[in-house]
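Asks: Copying in the features that Swiss-Prot gives for the protein in this structure:
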| type | residues | note |
| --- | --- | --- |
| DOMAIN | 25-188 | domain 'EngA-type G 1' |
| BINDING | 31-38, 78-82, 140-143 | GTP 1 binding site |
| DOMAIN | 198-371 | domain 'EngA-type G 2' |
| BINDING | 204-211, 251-255, 316-319 | GTP 2 binding site |
| DOMAIN | 372-454 | domain 'KH-like' |
Amino acid sequence: MSQDGTWSDESDWELDDSDLAEFGPVVAVVGRPNVGKSTLVNRILGRREAVVQDVPGVTRDRVSYDAMWTGRRFVVQDTGGWEPDAKGLKRLVAEQASVAMRTADAVILVVDVGVGATDADEAAARILLRSGKLVFLAANKVDGEKGESDASALWSLGLGEPHAISAMHGRGVADLLDKVLAALPNVAESTSLDGGLRRVALVGKPNVGKSSLLNKLAGDQRSVVHEAAGTTVDPVDSLIEMGGRVWRFVDTAGLRRKVGQASGHEFYASVRTHGAIDSAEVVIMLIDASEPLTGQDQRVLSMVIDAGRALVLAFNKWDLVDEDRCDLLEREIDRELVQVRWAQRVNISAKTGRAVQKLVPAMENSLASWDTRIATGPLNIWIKAVVAATPPPVRGGKQPRILFATQATARPPTFVLFTTGFLEACYRRFLERRLRETFGFEGSPIRINVRVREKRGLKRR
């Protein structure tokens, strides 16, 4: 690490091949844009995971999913459309597909039989033949005898038998999977893909730097990064070693607009962002420190709060923040982020690598708080002292009493107070502040539920 707190060699954080071997064989699904790759991935998974729309270029990253077939686990990778002469953003997408070709244990090349073998298909076939990988040719969109005849013409690609399938309707997919898995090493059904890894979701509005941060941490172009807002559509899982442990990062699509206003693949991606937050344990919320806080920031933050996840606020693009902007930002935080004063805060630059290593202790502290349990005895001793010093406000001419307190659950810490009457929201916020002052909980939300007990002898009818 250099003196300014940045990493001089990001490759120190990247998993090598031996680290990744324990997570099972990888099957990459590649091909030109709009040949049905994501539809095939969804068919393999048996559920709608990959974002699908009848428009070329919807999938832009290589996205990994835990899959199972006939009791055997493996990883299936969806990729963006591969084009040999692509430029700009399309070239970056094509590079992701090329990486998948190189790193996977087996490759399924998908070709549209209705179009036939194109120059791009032939170029992909040549690359795959030279790679020495296990390659299976999927002749997609076969729905009848003519399709089967068209599939036979794909022998010309030199990849062996074309497997006639219809990813949309499921035709031939089972036979294809049987042959793919027969060629792969066995993976025990009990193998866990996560292996107990802590799950991290990267969230924030479009173009805030989520993919850039993921790439900086992983040391490679794991997510497609482009100046155009919203270039990440699918959540992208990455296993990254930091601080002596491996973390599972999910790079979520930016929410360009409210879910109700989204359309097409933007809608599905926004739904997937909700899912990524729900499946995570700790969330890194990226905020553009160089610009004023926006309604989009607030909406994404509300999603995290509602999910009850541990939280780290990462103020990105700190290299663009001058002294005047820093003063303005502090006032914005005090005014607009009052509901998450408990969150861990790190000022970073995903572009330069400034202070990104500070994310590790921030996540660890947040997760430790999120996992915390307080024994019932010490909790009730504490609550009695607090109530004696500051009793609950009178309500309806009566002052409610807190009879008993217990922590019902962790993740997030949830407390239940048994009382003789309703506790005002302001008093519950007061109790939360005092809980944090005494027990910490930095980086984790706290939930306080109140249960009003009836008087003894009062029978329900």
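Using N, Cα and C of the backbone, Cβ positions are placed for all residues, glycine too.
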Asks: Looking only at the domain 'KH-like' (372-454), what are its DSSP counts of helix, strand and coil residues?
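Replies: Its residues fall into 29 helix, 22 strand, 32 coil.
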Asks: Please name the residue among the binding-site residues N34, T79, N207 whose C-beta has the most neighbouring C-beta atoms within 10 angstroms.
Replies: T79
Asks: Looking at the binding-site residues K37, K210, which one has the fewest other Cβ atoms within 10 Å of its own Cβ?
Replies: K210
Asks: Looking at the domain 'EngA-type G 2' (198-371) alone, can you tell me the average pLDDT?
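Replies: Mean pLDDT for the domain 'EngA-type G 2' (198-371): 80.
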Asks: Cα-Cα separation of K210 (GTP 2 binding site) and G31 (GTP 1 binding site), in Å?
Replies: 26
Asks: Across all chains shown, how many C-beta atoms besides its own are within 10 angstroms of the C-beta of W318 (GTP 2 binding site)?
Replies: 21
Asks: Through the lens of DSSP with three states only, how would you label K37 (GTP 1 binding site)?
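Replies: Reduced to three states, the DSSP call for K37 (GTP 1 binding site) is helix.
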Asks: Just give me the nearest neighbour of G204 (GTP 2 binding site) among the binding-site residues G31, N34, K37, T79, V142, Cα to Cα.
Replies: T79
Asks: Mind giving me a neighbour count for V142 (GTP 1 binding site)? Other Cβ atoms within 10 Å of its Cβ, every protein chain shown.
Replies: 24
